[in-house]
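S.K.: Shown below is the structure under consideration.
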């Protein structure tokens, strides 16, 4: 026989070497959706314990960006891993569909409501636009390989959801958390509306920084407090502000009761300043000489009166803890209509909450002659001039500082007292209850707890009303004169909700009050306000989770969003759920960081460093994107660049190559007929299955703790090191040259089969497309999809009490590593070509020699040499090479004999078998005899 190649068990598989993901994935998706994969999973998991990850709705505007991909893929990894862990984990994607960004887009298309189109036409166009945006984003999310109920997502503009949002407001009112008041709220003049905290961003702004004097009305009273008999010139309390435009609303000056204040004489006037700030104030205003006339506590000055610098009335000195020594003068100009701290302290002292600014950001008529009708930020310089003319300006300079701006317009915003509806944090104990609930939630990373606790502890009442067209109406009736809510509000809200459930929010705007109020209609008016969109999304635990049948009435186990949502969706959901149900809407909250480029810079179109998920999928495939996300520690910033994605593609190839090797060597293996019992397997094969079990234990623990980068690290270690660098290399000889149906070969295939069954499941949550592809090439009967399965339970490990236990094989690996170094040196010296041309002698101490001798004649297979023998360490010649292992030296020589054309080992018995004279004795046995026996390697 001359062609012995036909006697080899060469690897063979239809599983392609190249993933070609960009081309293959769309075909897989087509099959998934034609066969209703999501429905198949739901049926397979029916009756299992549930795990509900509630989708925080992205805003229905624009194409998805790389941050969307991170968010959706992380959710998908969790949902799929929970399914493999034995849970029924339905995933219902959602979209946030109301609000200002959509209004602005539609305004560009058809004009403002009430001008070119009616409000009803405008809302209809907004609904249509949002639906188009949802369709576009949905297609991209599906392309990512994210499985969910895409045919029945939840939209906050669904009629039923809109109705349930209104019902959620009704329950908040029933529980006593709603109140109306003229409170200062973040106000955008460009929007003409109040903004939620989450709609506020901070940018640098240059403002006038001014020190202003308020002259004492009763000089004698002030002198008495400081124990001073006379001063030169007027006595003034000095305030420092960077918002001169708020001075028309000033109604007090706040001091800190505990601070020491000094009366300081400068040229021609005496100033009252916090003692600790005198030096810094003098330096700022350019005064080099001053005299301290007297001291007193802030508490001593309470209710003394001072003259407003230009409005001609007196204002009191009041006391507040919000006054600090961080900057300024120790005296804070207080305008209750323009700041939350000012509002609180003004309420305490029963001061007027003045609001001289209109919704367009301009002063109302009657504010001050030079200011009436002026835009507030343009009035800053006017006010500085007025103060200068009145000799009330001590100092002015420009200051660059961080200033709140509208997230949409990027323009500076103001605090402005307006009639609004609020969810009260304290009137029914909502703040206290929310803080208590936070402690029962698992926050991942754990610093999230302290972050949201601080936000809840310090946040003002939540302004939930907006003056917008495209939003869920508040659906309230108030008395024309008293402005009190109708006594039958709960009943009326349900009546409106039923109409909205049938016809959408337009039903409210079309509603004639007489239809629900009867004769009472003449006494009541409809509230024109809409709800903050954060109320829409924040109530989805009630409007969606509580009512979707697949959730079975269970609350959400997890919310997962970017770390900005502590003050956004996590906060609004907590507020509403606690106000309605008295408990948090989630058990776990997981946050991820934001994407940055390879240099750590924020993604920006202007810089040109954005990465489009669509481009990545079209070029590399979604599985590369998924592997990048899975391999990243998402708790901090998430770096992405072409180079980083290339590394992910390289890692993908290593994993795919391992999977392909496994499949190729399972050719012809039927697990039902050909599997070898563990006790009959070659020891090395049992060790390999044990390696898989150890890897699986770590991988499952990492999935359970949402440490997906640890999953990928362990997967890579298993594929590259334990399998690629050792086991898969060693078994090639036995796999290819042993008799096809021998125990030696079937033992190896049994190990490869068990490893493949585990590997495909480890991959499935992260590399979903490739896992599905691999699943369809695995031998044996199996379910249609890996996604309906659970973690593989067929793995087993070596017993620690066995002689050839894991520790034994760890020592063999170390010896092999040292042998490889010697072989590599010999190859570099041109003494040998490949490792099979080598014969090695291992000079080992007694302990190591005993271990190596247990492998008997199979030792050389573990070392990938043609021959290997063990000698006593003390007999090592000088030519033997020392190693990094204590008690081991190695001598290498050329292997004797000739190269067998079948197994490529160098043997001296080639030609000894008359039937097969061209091959070695071992190959002759494998070709024409009963086949060789392997026990260890």
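Even glycines carry a Cβ here, placed using N, Cα and C.
Pulled these features from Swiss-Prot for this protein:
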- 58-68: motif ''HIGH' region' (MOTIF)
- 561: L-isoleucyl-5'-AMP binding site (BINDING)
- 602-606: motif ''KMSKS' region' (MOTIF)
- 605: ATP binding site (BINDING)
- 900, 903, 920, 923: Zn(2+) binding site (BINDING)
S.K.: Give me the sequence-ordered set of same-chain residues, not including 900, 903, 920, 923, with a C-beta within 8 angstroms of the centroid of the Zn(2+) site's C-beta atoms.
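M.R.: Near the Zn(2+) site, the remaining chain residues are 737, 901, 902, 904, 905, 907, 910, 919, 921, 922, 924.
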S.K.: Give residue numbers and ranges for long-range contacts of the motif ''KMSKS' region' (602-606): same chain, 6 or more residues beyond its ends, CB-CB under 8 A.
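M.R.: Non-local partners: 65-67, 594-596.
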S.K.: By Cβ count within 10 Å, point out the most packed of the binding-site residues listed: 900, 903, 920.
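M.R.: Top count of Cβ atoms within 10 Å goes to 920.
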S.K.: Residue 903 (Zn(2+) binding site) to residue 561 (L-isoleucyl-5'-AMP binding site): how many Å between their Cα atoms?
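M.R.: Residue 903 (Zn(2+) binding site) and residue 561 (L-isoleucyl-5'-AMP binding site) have their Cα atoms 56 Å apart.
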S.K.: Going along the chain, which residues six or more apart from residue 561 (L-isoleucyl-5'-AMP binding site) have their CB under 8 A from its CB?
M.R.: 56, 71, 568, 569, 570, 591, 592
S.K.: If you count Cβ atoms within 10 Å of each one, which of the binding-site residues 605, 923 comes out on top?
M.R.: 923
S.K.: Quick one: Cα separation, residue 920 (Zn(2+) binding site) versus residue 605 (ATP binding site), in Å?
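M.R.: Residue 920 (Zn(2+) binding site) and residue 605 (ATP binding site) have their Cα atoms 67 Å apart.
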S.K.: Measuring Cα to Cα, how many Å separate residue 900 (Zn(2+) binding site) from residue 605 (ATP binding site)?
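M.R.: Cα to Cα, residue 900 (Zn(2+) binding site) and residue 605 (ATP binding site) are separated by 63 Å.
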S.K.: DSSP three-state call for residue 923 (Zn(2+) binding site): helix, strand or coil?
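M.R.: Where residue 923 (Zn(2+) binding site) sits, the three-state DSSP reduction gives helix.
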S.K.: Please work out the helix, strand and coil residue numbers for the motif ''KMSKS' region' (602-606) from the DSSP assignment.
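M.R.: The composition, in the requested order, is 0 helix, 1 strand, 4 coil.
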S.K.: Whole-number Å only: compute the distance from the Cα of residue 923 (Zn(2+) binding site) to the Cα of residue 605 (ATP binding site).
M.R.: 65
S.K.: According to DSSP, which kind of secondary structure is residue 561 (L-isoleucyl-5'-AMP binding site) found in, if we only use helix, strand and coil?
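M.R.: Once the DSSP labels are grouped into three classes, residue 561 (L-isoleucyl-5'-AMP binding site) ends up as strand.
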S.K.: With DSSP helix as H/G/I and strand as E/B, how many residues of the motif ''HIGH' region' (58-68) fall in helix, strand and coil?
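M.R.: Output for the motif ''HIGH' region' (58-68) reads 3 helix, 1 strand, 7 coil.
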